[in-house]
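First up is the structure itself, then whatever we jot down about it.
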């Protein structure tokens, strides 16, 4: 395919144009008075969302060069989502502000490499300062506040997530399910999560989120490698007749057997998924036994005299729901309370008897996984469109809460970054020089961008409010919901330090890359290629 090549300023301007389109589409959702965005879907009803990364993933432009700009800024949102699970809109707004500010200086003749070094050093300074200002999360009130803000100022949801964390612990698993009613409910159930994802992406049932979701699934657990497809055929036929999903945990599944499972899945003959067994050695056997107790099943093993090719359906266990991503598996069990409590008691005795600190730690980890259970939030809504939006908000709230527990909280609503802008300006002028100083000042000027946008979305003058916030003490910020200056901690307007930090780091990384771009090579648009071929063929020989 023919390529189009752009150099220097025109290359950077084309990237900026694409970034402008995406940043504006995402920025309208920021803050308590942020608006929604409607996404057209090829199939089904349009989706109404308020989630930055979901909007960013949907935007695809006709112009290949502008689309490259979109892809770059989308990366800032995606990476922030991967690290912190929230703060994607803030990351996008920051990245665009830094690029816009930096473009002016590069166009005026500043050295982009020196500017990038200045941006990196200034960002590192802000990250350290955020960590110094972060307050640890010690009570459920703080957890409620963080969750409420991330769920779009929904206090009920915040309280529900705080309850869930209180019941399953800070390391516990919180799962989202589609409810049957219009109200959102919390339920604590037996279940566990382990660090193994699907063996093949062909098992995925939700391509948008790259997840496998199986409801009312049958469980097959074996401690051997499944090499021959003949071993699986008898049980697969029985499961197909029962018309139930099948979930397999095995030491490994070799190519031939895996190919058979994938083909049957793709043809719709069988709803099947498989993961490798977690852990290794004796720990692997113990963990498989834990899962077997949880799902009321038997481990198919030579030691117990059970063979894969001769088992019946009554040997298989059951789970209410299985969620599998590329990294981990969550099992929500169907209630084998007696078996689970007996197994927990057994593990407790082992903890008392062992002298090894490592062994003790691993046994406690197993006990926490088995006894902690899973908090299931059943999302209720009147329509499917509302349900999807609610699920995205809840997901953000859960991620933000876990991030807050990890690294503490700071004043929210763009306040922290706005206050740190003054501190950073002073540090930059004392510690950086020449074009590195310009890079540092780019970061300092961009730090107020999220606050300005939150205020503008609420219908006020962003620049004026940002200057007023800078003059006030660190905890004082602007509450855009009621247009008042308040103590952000007292008002419950807080952000997880991890979200603020990772958003800034990813924004600075993308801005540095864009500013140091000198050439773009992209595919030529089809219309241009056709025009070129018409011109070539129009000579009069």
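Cβ coordinates come from backbone N, Cα and C, glycine included.
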Among 63, 389, 495 - the residue Swiss-Prot places in the same ATP site as 29, 30, 31, 32, 86, 87, 88, 89, 90, 413, 479, 480, 481: 495
Maximum Cα-Cα separation in Å among residues 29, 30, 31, 32, 86, 87, 88, 89, 90, 413, 479, 480, 481, 495, which the record lists as binding ATP: 20
Under 8 Å by Cβ from residue 86 (ATP binding site), counting only residues of that chain that are 6 or more apart: 80, 150, 396, 397, 399, 400, 403, 496, 499
Assigned element (helix, strand, coil) containing residue 90 (ATP binding site), judged by DSSP: helix
Local Cβ density at residue 481 (ATP binding site) - other Cβ atoms counted within 10 Å: 15
